[in-house]
Amino acid sequence: MAAVQGGMGDADIKTDIKTEPSADGFGNNNANDGRVLSASPGSSSSTGSNKQTAPVTPEDQQTLLAVLQFLKKNKLTESVEILRREAGLPENSLDPKANESAGAGSGGAAGIVDLEGGDASSLLSRVTGSSSAGAQAPTKVAEDQPDVSVVLSAYSQQGDPTLYKVYYRDLKKFIETVLDCHRAELSQVFYPLFVHMYLELVYNNHESEAKAFFEKFSGDQECYYEEDLRILSGLTKKEHMRGNETLLDFRTSKFVLRISRDSYQLLKRHLQERQNNQIWNIIQEHLYIDIFDGMPRSKSQIDAMSGSLAGEAKREANKTKVYYGLLKEPEIELPLDDEDEEAENEEGKPKKKKPKKDSVGSKSKKQDPNAPSQNRIPLPELKDSDKLDKIMYMKEATKRIRLGPDNLPSVCFYTFLNAYQGLTAVDLTDDSSLIAGGFADSTVRVWSVTPKKLRKVKSAADLNLIDKESDDVLERIMDEKTASESKIMYGHSGPVYGISFSPDRNYLLSSSEDGTVRLWSLLTFTCLVAYKGHNYPVWDTQFSPYGYYFVSGGHDRVARLWATDHYQPLRIFSGHLADITCTRFHPNSNYVATGSSDRTIRLWDVLSGNCVRIFTGHKGPIHSLAFSPNGKFLASGATDGRVLLWDIGHGLMVGELKGHTDTIYSLRFSRDGEILASGSMDNTVRLWDAMKAFDDLETDDFTAATGHIHLQDNSQELLLGTYTTKSTPVIHLHFTRRNLLLAAGAFNP
Amino acid sequence: MTERRFAEVSRESVRLMAEGAGVELGDDVAALLAEDVCYRLREATQSSSQFMRHAKRRKLTVEDFNRALRWSNVEAICGYGAQDALPFRSVKEGELFFVEDRDVNLVELALATNIPKGCAETMVRVNVSYLDGKGNLEPQGTVPTAVQSLSDDLLKYYQQITRAILGEDPHLMKVALLDLQSNSKIAALLPYFVYVISGVKSVSHDLEQLNRLMHMVKSLVQNPYLYLGSYVRSLVSSVMYCILEPLAASINPLNDHWTLRDYAALLLSHIFWTHGDLVSGLYHQILLSLQKVLSDPVRPLCSHYGAVVGLHALGWKAVERVLFPHLPAYWANLQAVLDDYSVSNAQVKADGHKVYGAILVAVERLLKMKALSLSQSAEGQSGAHPGSVVGAVSYRVNSPGLSPPPEPLSEAALGIASHLQVGGAGCHWEEWTPVPLPAMYCELYSFFGDSLAVRFSTGTGFGTHSPCTPSQLSDSRKEPPGPASNLDTTRKMPQLTANLNISPRQDGSPRTDPPPPSLSGPGSRSRSSSSCSRQRSAGLSREVFPKARFTSPQTTPPAFSFLIGGRQMGQRCQGRRPFQTMFATTPPVSAIPPRTYAHKLPVIGRVGKPVRRWTCSHYSLHLPL
């Protein structure tokens, strides 16, 4: 019986895989995306009308069908119509499929398809809920029940509960006796097998057997799974399985293992000889074994890459080409008035300046072969003020200090005193003139860290009186009476977890526990927009380096890409198995990186909405990300106190920096990328030699092709310095344009 | 659960709670409920921990827990949000544990006088953290001073040296200064020493400290491994401070600030001769500031004294350009001081005599050097007497084969222009034209009368660089009492002071081009030979130093004749001309090496050992009565 079912499951997986590419080729999704993005920035077109469907990311066709079915079941006929029209599905497409999936609901393995659909629909229903507020409550209730039962139905098969221990012990004994080179690889199956066997026991109401099983074998698991095991150990009743998020994560995704062909054959032969169908079934159903040809990996290689909630990333997940190069900087002519000003200040200087400027210009003229095309995603046009800022930036850049192991930066620490409200997020403007703090009491506060005070724009009545033709109109619109060192902005109804300045310093974004992202004007110090969509706590948000776009991610496990003039997201990046804890834009604005509690980092293509990289290796939730200034590398910091370095182009882990003893909340590369600074909960800022870390790489073709990396343990060599604060967790780091390191945190007596 | 992995809610607790709510529960129900409650609690705790993590805290708060409850559609628990821990109490009899929750008397609270203060404003403050050279973190909360970025060894050296020099032990000081003078590895410390030295202003009451700092300057200047660069300017300004400023220490007449000024002036010349090329235009800036002090009648006499010795130290050209043109104007003021015999003026008068003496020394040298330079420039026309005015000086010095480097006039002009840009103060040397020697002598004689003449007559000859034996020196220092000075008996006796002027070259200007090569080089040869030629004219001393091996390249004997027209010192230029002194040509001395002089020169006063770097030294001991 079990064998038959296993076969069914196998077949179903195959179909599942087959449908994936066809779904990618589904023209309507891309067309849809293209239309939204091509709506040129600044002109808010009528995209708002297609509330529900515009944000649909490329899901496979079956997901779409599942969504349709779900909507239909809940009698949202209007939505069904709209969605079908948008997706370009024929009217009758729903019926046969619906029958099929309805029929499959009872059959064990087929549930997987449905479950994916169900998962997606649950995510989507959250989106839907926001736009049609009335529908939220019913959907939520309706969604949970059938969904989970479908998920859990995968466990309906049942072996003899008393034999589970025997099966597992047999396998353990076998793996312990195989050749050393295979043992490490085969040991990978212990953890997922253990979890699934335990869950099966619990699901089938064998509580005492489950407990005994857990006690006997939980000690064998790798220490980095401890957190998950603790959650699992609390789960002893079938009723509790319902609504347990961790469990849901485990069930909805296949645990990915990478095993060499030899090792896999060994395992397969053993299980077939022993007629150990129980275990074989689990492997077939719940594990994805990514078989590769070549030498088996060593224990350290495996440990480096494992630790995520769903195992390692599939190799093909990281095969897509990523255009990690930087965009060509627009050539900016030095405006005449600027030169005059220069001439006033220091005679003879402008002559010197000019050739310099040219050389800077020529550097950026060279097109990076790895860069995306300039208009791959539409970027906002530069305003005059942006150009001035760029010029300021270039001027500052010429005065930049070249950092290195012998030339470490000093740290300027911005301490938030009397922050009894609880400082939860900090950001600094690129020119280091403003600092903003998000607080647990829902306030957002902005300080000026230069002598220039913060001023509001005059009231509308007063603005009418201003001579609009005057040259200093920008100065005249400011109200001197409102000048102060700091401003407080009220609007959120929960702790502000993420905060980000726009590159032009006119706006500020804040994301909060209340499920909204708010856009604030730094001219009036009022809220302009509240972007609703997440509906669950939004853990992080960040502006694109070119402005206009921003990304947010939160508890609902999706990251959303927004444009400031659209109140609906342009893209929804879904795929993480747990909360998205941090979001970062790639310097070229074409990609978004997200770190998650599922201990993976994903890189998303803004254009297509696809996930193009999955990085695994962290053993705890990821709380900080940083792209290197050249766009080639990514650094990530997690609760495990480690910083991992990733090569985006090759999709490889390239370094591990150990030293911190607590969560790393902040990472930042120096302006030229020579130094990586990390700030942690352990009250230290550490500096790492990024140049050395990246230079020592041996990215030969073999490593790149197999993804098997050899990490040297050279953290101590790479650690250049440690700065300790008195009792202030470091929650933000920033390099000024001249490469002075700024850090921020709240004094925690 | 059998194993105690987690905190548990026992079934008894559940039953008690149910009873509290008025529900009777069976055992099995209570057990199931207890287990479920445990699970739910754990779940809520787990999800609340992520609120804690995102709030970047280590402590889980009630607020976090409530948020987790709220997001899982459970009612939040109110009343536990207090910041401080809630006391947990037990009642023995009922085996009950509960949170202390006292009634609050609202009336009392409302009428309470100790109204709690609002908490302080949230604010952002900056402090700087930085690493030392070895990557260790420096203690925080201190403003980073430059010293702290030095390596430990250097820092220790710096502390030891400054402590030794500024400390009490003279022996230690000497050792420290010697080391400072020869240590090749202290380049990094130079800014800090310069900084210490710039502290002269804060110790102007302490002569001893000032002296020590000046010694420090000397050591630094003499250290051949140090490149002073632009720090020269700072050093010079510290030295100038000691020369010119009316120091707090000089209020007390018992304090010998004169010596300090002399020493500082010596140091100034020292710096200029060796490092004057490092900062362009500095020479002229200094001249200007000296001139300013001199022309400012409000300044105390000690400042004027400083200006005079400063000018003297900078060379006879400086004296000629600044002091000489100023003399007529200044003389009136000085005369007034010297002529005031009131008791209250005694101290000022004494100071006036100091200035008088300093001026005398300066102009004496000016005359000597001027005559020498003229004679040299007029070489080839030997025998000609350019100044044939009555009462003028006639001179003839023959020094074939030797000509001093031409005076860098062009540079001087540039310097003037630059200082005019900076200061803009009116000065005389714009229209300054060299006064012919005879006229100069005339004028000077009108001021000093015979004291000038006596000094020339008692010397070993005009143009010598005082290869005087001590006896001669004391002779020459005996100033004939002028009508203004000898009548005053109440005047305090000034101390013996030493003036050292060291000029490696004869042009009388400080070095403005790269330093000459070492002694063995051709430059030194020419210098020694030139001084040799001067030496030869000092015939009287040839027996004193007979053992010279130096053979002069010169074949013709130098001829020298000098005529001094004396005039009794009187009212300005109206004095008589009572005598004339004629210097006969002295027979040439063929072989006297100047080095022997340098070696035999006595160490005078507080001047330390003679500086070896210069072959030719000129000491003049000056003892005004």
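Just so it is clear, glycine is given a Cβ too, placed from its N, Cα and C backbone atoms.
As written in TrEMBL, here are the features:
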- A:11-21: compositional bias 'Basic and acidic residues' (COMPBIAS)
- A:23-49: compositional bias 'Low complexity' (COMPBIAS)
- A:50-59: compositional bias 'Polar residues' (COMPBIAS)
- A:334-345: compositional bias 'Acidic residues' (COMPBIAS)
- A:357-368: compositional bias 'Basic and acidic residues' (COMPBIAS)
- A:159-287: domain 'TFIID subunit TAF5 NTD2' (DOMAIN)
- A:1-59: region 'Disordered' (REGION)
- A:91-110: region 'Disordered' (REGION)
- A:334-382: region 'Disordered' (REGION)
- A:416-457: repeat 'WD' (REPEAT)
- A:489-522: repeat 'WD' (REPEAT)
- A:531-562: repeat 'WD' (REPEAT)
- A:573-614: repeat 'WD' (REPEAT)
- A:615-648: repeat 'WD' (REPEAT)
- A:657-689: repeat 'WD' (REPEAT)
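Of the candidate ranges A:416-457, A:531-562, A:573-614, A:416-457 has the most C-beta pairs within less than 8 angstroms of the repeat 'WD' (A:489-522). Regional average pLDDT for the repeat 'WD' (A:615-648) in the model is 93. Looking at which of A:416-457, A:573-614, A:657-689 has the most CB pairs under 8 Å to the repeat 'WD' (A:531-562), the answer is the stretch A:573-614. Secondary structure of the repeat 'WD' (A:531-562) per DSSP (helix as H, G, I; strand as E, B; remaining residues coil): 0 helix, 19 strand, 13 coil. With DSSP states grouped into helix (H, G, I), strand (E, B) and coil, the domain 'TFIID subunit TAF5 NTD2' (A:159-287) comes out at 97 helix, 7 strand, 25 coil.
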